[in-house]
Structure formats: C-alpha cells, structure tokens
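*Asks:* Taken from TrEMBL, the feature domain 'G-protein coupled receptors family 1 profile' applies to 37-331. For 20-45, 57-82, 94-116, 137-155, 185-210, 272-300, 320-338, the entry in TrEMBL reads transmembrane segment.
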Amino acid sequence: MKQSLEEIIKFVNDEATRTLLPLIITLFFIMVMGVIGNCLVVFIYKFKLPLTPSSLLVVYLGCNQIVDSIICMPMDIFILFHSYNFPDDRLCRFMQSFIFATSTVSGLIIVVIAVDHFKKICRPLKRQFTKQDVNKIICINIAIIFLIVPMHIFVSGVRQVRTFHGNVTGTTCSISDKNSPVFPLAYFIFLLLVFSMLVTVFIVIYTMTIQKLRKYNKQRELLLIGRLSRETWLNSVRPSTTEGISESDKQNSTTSQEQCYKRYYDVTHITLNMLCITLSWCFSFLPHFVLTFITAEIIFERQFMHKSRDSLVNLTLNSYYINNITIPILYIIFNRSFRQEVMKFFKKICFVQQM
C-alpha cells in the first residue's frame with residue numbers, strides 16, 4: 001500500500017512537471033541570459049568604465065543578479081520539479097529564505113541607487129556618496145536581511161497539498177502548515193506594507209528628479225532663444241554630475257556650453273535608465289507580493305485549481321526573475337558608454353572566432 005501511494009504521488013508530480021515544463025524552460029532561458037547579461041554589466045562597469053560610487057552600486061546590483069541567476073533560479077526550478085513530492089522541510093526553508101534574501105538585497109540596492117541619483121540631481125551642492133559610503137550601505141543592507149530572514153525561515157516550509165487523485169496528499173515547498181495561519185498572514189502584510197512604502201519613496205524621489213530635469217530643460221530652451229544668460233545655464237547644469245565625468249571636469253570653471261549640453265543629456269538618459277529599472281523592479285514584484293499575500297490568507301488548495309491555472313500561479317510567483325534580463329537590456333538602451341563597450345566586446349569575440 002505504501003509503495004502504491006508513492007507511485008501515485010510520483011505520477012501526480014510527473015504530470016504537474018509536464019504541465020509546468022514551458023515555465024521551467026522559460027526560467028532556464030532567463031537564467032542563462034541573466035548570467036550572461038549581468039556578467040557583462042559587472043565586467044564593463046568594474047573594468048571598462050570609470051568606477052564612481054554610482055557605478056559601484058551598479059556593480060553590486062549586477063553581482064546580486066548573478067547570484068540570483070546561478071543559485072536562486074535553479075532552486076526555484078528544483079521546487080517546480082517537486083510540486084507534490086518535495087523531499088525535506090529544512091531544505092525548503094533554506095531555499096526559500098535564500099531566494100528571499102537575494103531578492104530583498106536587490107530591492108534595497110535599487111533604493112540606494114534612487115537616493116544617490118536624487119542627491120546628484122536635486123542636491124548637487126550637498127555631500128554625495130563616496131565609494132566608502134556605498135560599501136558601508138551595502139553592509140547595512142546585508143545586516144537588515146539577517147534581521148528579516150529568520151522570520152521568513154519560520155513561515156516557510158513543506159506543507160501538505162491535496163492532489164487531483166482522490167484523498168491522496170503530497171508535499172510542496174511553500175508556506176509551512178505547521179504554524180497558525182495568523183503568523184504567515186501577519187508577516188506578509190508586513191512585507192506588503194514595506195513594499196508599498198518603497199513604491200511611495202520611489203514616486204517621491206523620481207517626481208522631484210524629473211521636475212528638476214524639466215527645469216533644466218526650460219532653462220536650456222530659454223538659452224537657445226536668447227532669453228537666458230549663458231552663465232546662468234552653466235551654473236544650473238554644472239553641479240549635476242554623472243558617471244563618466246572626471247573630477248577635473250567637475251572643477252573646471254570654464255566648462256563649455258557643448259559640454260553642459262552633453263552633461264544634461266547624460267543626466268536625462270541615466271535618469272530614464274534608473275526610472276525604468278525601478279519600474280521594472282516594482283511591476284515584476286507586484287504580482288508576486290499580491291499572490292503571496294493571497295496564498296498566506298486563504299492557503300491555496302490545488303484541488304480547486306485547473307492545471308493551466310496552476311502553471312499561471314507559479315509563473316506569477318516567479319515574476320520577479322524577469323529583472324535578471326530586463327536590467328542589462330535597459331543599460332544597453334540608455335547608457336551609451338555601456339552600449340559601446342558591449343559592442344566592442346562582441347566584435348572582439350567575432351574577430352577571435354573568425355581567426
């Protein structure tokens with residue numbers, strides 16, 4: 001009888017794996033492209049472009065995305081392969097907590113990037129982040145994660161799930177059913193509130209940043225029609241530093257009008273880049289948070305779900321992995337220096353292959 005039960009669970013699990021196979025293939029594709037794209041980001045920003053505090057944050061974000069692609073995505077793929085026969089509760093808690101930690105670190109880094117860019121655009125004469133500041137902030141972010149992860153370990157774990165075959169139950173890696181439903185519900189309400197606060201911070205920061213850039217643009221238009229003095233325009237643009245501008249350029253009081261135009265466009269493109277990265281992060285995590293919250297509240301029962309809906313639910317729960325490929329693509333679109341270095345890199349590869 002025991003052997004027969006195991007065979008039924010294995011059959012149900014294999015059936016679920018076949019249903020989830022398109023999602024597994026998609027995640028594998030994102031994993032491979034994420035490793036390639038973020039390795040390029042780290043390599044180019046670290047070794048090919050001037051390593052400013054802002055670019056150091058990009059390097060840290062890229063490293064986190066690499067860890068996400070190399071370690072976390074295989075963990076989630078493993079979980080998908082064991083939808084009804086996950087083997088061990090401790091392994092589940094470790095995997096879920098590690099995935100949560102890397103995802104949260106990426107969000108905190110994006111917050112720091114937004115604050116750094118806000119300081120450059122809206123508070124150019126105030127003290128800016130240094131490389132030492134960035135390293136300290138990353139250490140603080142990691143410390144914050146260590147404070148939150150134990151709560152995630154507590155609510156995660158193996159739970160019983162009913163199959164489509166009568167009263168046979170399997171085990172899946174999700175929210176543990178050993179605790180009262182109140183604890184995971186309260187925890188995910190807390191996470192949802194934190195996520196909402198981060199979105200509010202992003203809205204405030206980028207609203208003020210875009211307003212400042214619009215002010216610069218109006219001054220530039222007035223300069224072009226001769227209603228604004230050249231000195232006023234230069235003074236308004238000069239303090240707003242961007243990556244790729246040397247310290248000597250920043251301190252040069254004889255900055256040309258053409259240099260200021262270039263600086264303005266660089267600032268605008270970088271702002272659009274960071275805004276799109278932030279939007280990508282928010283919109284990719286929103287479905288995950290909402291569905292996780294619902295899961296914590298009503299404890300999704302698989303017997304009420306059609307197989308196609310089961311696949312859709314798992315796709316939603318893994319929606320945030322899309323950032324692993326969208327962020328490098330956004331760098332290529334908005335960062336001219338990064339785009340040029342990527343083209344040089346692939347030209348060298350093609351040249352070596354031709355030889």
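Using the three backbone atoms N, Cα and C, a Cβ is placed for every residue, glycine included.
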*Asks:* Test the contact criterion for the transmembrane segment (185-210) and the transmembrane segment (320-338): 3 or more CB pairs under 8 Å, pairs 6 or more apart in sequence, then answer yes or no.
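*Replies:* Counting Cβ pairs under 8 Å, fewer than 3, so no.
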*Asks:* Counting only CB pairs under 8 A, let me know which of 20-45, 94-116, 137-155, 320-338 has the most with the transmembrane segment (57-82).
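*Replies:* The stretch with the most close Cβ contacts to the transmembrane segment (57-82) is 20-45.
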